[in-house]
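Below is one structure, written out as structure tokens; the observations come after it.
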Amino acid sequence: DVEPPPKDEL
Amino acid sequence: MNIFRLAGDMTHLASVLVLLLKIHTIKSCSGVSLKTQELYALVFATRYLDIFVTYVSFYNTVMKLIFLGSSFSIVWYIRRHRVVRRSYDKDQDTFRHLFLLLPCLVLALVINEKFTFKEVMWTFSIYLEAVAILPQLVLLQRTRNIDNLTGQYVFLLGAYRALYILNWIYRYFTEEHYVHWITWIAGIIQTLLYADFFYYYFQSWKNSVKLELPA
């Protein structure tokens with residue numbers, strides 16, 4: 001399972 | 001951060017400032033949908049629940065605070081300001097919040113990355129943002145009286161969404177594992193909602209006539 005990308009957007 | 005993301009954030013910021021400035025200086029909110037503004041306030045409140053817990057960057061925190069502050073100020077102006085509230089087209093702005101809120105909530109409970117309160121709220125905010133512009137678009141079509149600032153507000157919001165898609169494409173090719181399916185699909189749907197508006201906006205711009213949407 002790939003780690004979900006960080007939520008770094010607005 | 002890439003140039004598309006920055007340009008997207010700046011158009012988003014510009015859209016909110018245009019609207020606040022319009023309301024603040026001419027003390028009128030005519031043509032502005034309170035329903036859409038309330039939905040945006042809820043979008044930011046549910047998306048930035050962890051604003052003081054998860055730190056991404058100074059830029060992100062400041063922008064989040066601006067979006068929260070501006071969206072709630074706009075709602076306050078339309079509902080509470082002694083002069084502004086009289087210009088609100090209440091009888092035209094009849095879109096029901098619930099028609100958008102309920103499906104988004106159900107969808108967020110079913111389709112999400114992780115079934116936790118924070119994650120479901122975040123997903124809900126993504127779905128809700130995708131459709132929150134609908135009451136505004138309906139109001140524009142209904143009144144057919146679009147002043148320049150309201151037209152620019154909707155145009156800038158649409159531009160922000162389009163730029164975010166370019167940002168995702170860029171990130172997809174430059175970063176590893178950068179796939180946010182939920183955000184992408186909701187974002188594409190959101191951008192498509194502006195297609196019709198964009199068409200008439202550019203037509204009016206090309207022919208330098210006043211923007212008017214067909215009934």
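Any Cβ shown, glycine's included, is placed from N, Cα and C.
Since we're looking at a predicted model, the values are computed, not measured.
So that you can see what the record holds, here are the features copied from TrEMBL:
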{"type": "TRANSMEM", "residues": "B:55-78", "note": "transmembrane segment"}
{"type": "TRANSMEM", "residues": "B:98-115", "note": "transmembrane segment"}
{"type": "TRANSMEM", "residues": "B:121-140", "note": "transmembrane segment"}
{"type": "TRANSMEM", "residues": "B:152-170", "note": "transmembrane segment"}
{"type": "TRANSMEM", "residues": "B:182-202", "note": "transmembrane segment"}
Tertiary contacts of the transmembrane segment (B:98-115), as residues 6+ beyond its ends and Cβ separation under 8 Å: 39, 42, 121, 123-124, 126-128, 131-132, 134-135, 182
Tertiary contacts of the transmembrane segment (B:152-170), as residues 6+ beyond its ends and Cβ separation under 8 Å: 2, 4-5, 7-9, 11-12, 14-15, 18-19, 22, 32, 133, 136-137, 140, 178, 180, 183-184, 187-188, 190-191, 194, 197-198, 201
Residues from the same chain, set at least six apart from the ends of the transmembrane segment (B:121-140), whose C-beta lies under 8 A from its own: 31-33, 35-36, 39-40, 42-44, 46-47, 49, 89, 92-93, 95, 100-101, 103-105, 107-108, 111-113, 146, 150, 154, 157, 182-183, 186-187, 189-190, 193-194, 196-197, 213
